[in-house]
Amino acid sequence: MLDLIAIETRQLRRDIVAVIALVVIFLAACLAVANGRALLTAQQAGREAAAAETAKAEAAIAEKFAEPMEPTDAIYLPFRINMGIAAPLPPLLDASAGRAGFDSYATTANLRARADTLFKRTQLGNPELLARGSFDLGFVAIIIAPLLLIGLGHGVFVADRDSGTARLVLAQAGGPGRLLLARSLPRLVLVIAPLLLALGWLLMAGPSVPGRATSALSWGLVVILYLALWWAIILFANTLRITAETAALALVSAWALVTLVLPALITAIAQIAYPPPSRFEQIAAARAAEIAATSAWDNDHKKPPAGDVAGAIADLRRSVAIGTSVEAAVTPINQAFDDRLERQQTAVATLSLLSPARIAADALAISAGTDSASALAFRRSAAAYVQALKAPMIQLAKDGTAITTAAYAALPRYSPPPPQPAPFAAIIYLAAASSAIGLLAARRFSGIRLD
């Protein structure tokens, strides 16, 4: 068996198609690694800048407490408190960017913050575009690698049958099973090995992030199973009574359907079924609530004299009351927006069973920590933290008391949500699909007739 594999390997070394495939996968992996490293560097720099801003804000508050303050300054101090919110660095974003390049990962929580204004760049992104729009290592594995496998394997047996040498080749190999195994392993290694080597380089050259090694194992397993599924499809095409050219056309058509057409169709169906609420409606509701709350407060309360403690307390209470009214008006719209996004994700996950490429792309993003569910969990945890931070400061405003050092120290600090679990369902799906199609192809090969 090893002799057969060695013979096939030597033949591949002399095959111009195999050489081109190796060059393409190598160059694509190098470019993807460079893009991933650039994104990782930018994300690290952004988080370091956010941490520096948070430390600077806390130092400024500490200086305020360390020196005597005017009574009015002490009353207004809650408005000057800014707490940093930052998502942890995804463990493998340099391999699969996912939503990392689209969503905000750091912001500031304060007494004026609201869920709808917390992040300036939140959006409902196109899941299909987000999955394969960035040229990263995941893009190479999901889009480019299957095409190279098709180029290497569309005639792995059909070409021998077309040339009339199939009977001789089978006799020399000792059966179709040995022949297919000897021809499959070198071709799979030629495509998969550069991807795994690039992943290993990213793992060794990247930062020490919790869960990075586990994420890399999950990521690599998904890639192997996904490409094994494609190779099983290629072998099945070789069992049909068609020419090598017809097999190539059929396989490329299947690739286009699975990686291009179906993901776009799935995305369109999800967005049509669950359209998001209008952001303009949210802005209009917030503005109307602000105007109404301001008018109601000014009509019900006398304008206090400026410059004294009573005036500062009244001003603080006024701001808190208006902000609370605005938040109450936009909260249902925010909840509807998040609910529609979650429903879109659920619909995409269900319909993705029709597209192994969609399943694999989502699994790679989950492994990397850059998936939509992780982004939504971060936004929700940030919004919950803002409420927890504002509650004690609002109570101080209602009581008309100044914040103390102990009260400031007791304010909650942001804690990120736990990471998403590994994509076990996708791994099982890909393993089952590749095994089923591979066994079907093997069964058809065992009963092949060369009449």
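Going from the start of the chain as shown, residues are counted 1 onward.
Just so you know, glycine gets a Cβ as well, placed from its N, Cα and C.
For the transmembrane segment (16-34), the list of distant contacts is 94, 135-137, 139-140, 144-145, 148, 151-152, 187, 190-191, 194-195, 197-198, 201-202: same-chain residues at least six beyond its ends, Cβ to Cβ under 8 Å. If you look up TrEMBL, you'll see 16-34 (among others) marked as transmembrane segment.
Beyond the transmembrane segment (137-159), the same-chain residues lying 6 or more positions past its ends with a Cβ under 8 Å from any Cβ of the stretch are 17-18, 21, 24-25, 28-29, 32-33, 36, 94-98, 131, 166, 176, 179-180, 183-184, 187-188, 190-192, 195, 198-199, 202, 219, 223, 226-227, 230-231, 234-235, 237-240, 242-244, 247-248, 251-252, 255, 259, 357, 360-361, 364-365, 368, 445. For 137-159 (among others), the entry in TrEMBL reads transmembrane segment.
According to TrEMBL, the transmembrane segment annotation covers 180-204 (among others).
Beyond its flanks by at least six residues, the transmembrane segment (216-237) meets 92, 95-96, 138, 141-142, 145-146, 149-150, 153-154, 156-158, 180, 184, 187-188, 191-192, 195-196, 199-200, 202-203, 247, 250-251, 254, 356-357, 360, 363-364, 366-368, 422-423, 426-427, 430-431, 433-435, 437-438, 440-442, 444-445 of its own chain at Cβ-Cβ distances under 8 Å. Per TrEMBL, the feature transmembrane segment maps to 216-237 (among others).
The transmembrane segment feature in TrEMBL is assigned to 249-274 (among others).
The transmembrane segment annotation in TrEMBL covers 422-442 (among others). For the transmembrane segment (422-442), same-chain residues at least 6 beyond its ends with a Cβ under 8 Å from one of its own Cβ atoms are 177, 180, 214, 218, 221-222, 225-226, 228-229, 231-233, 235-236, 238-239, 353, 356, 359-360, 362-363, 366-367.
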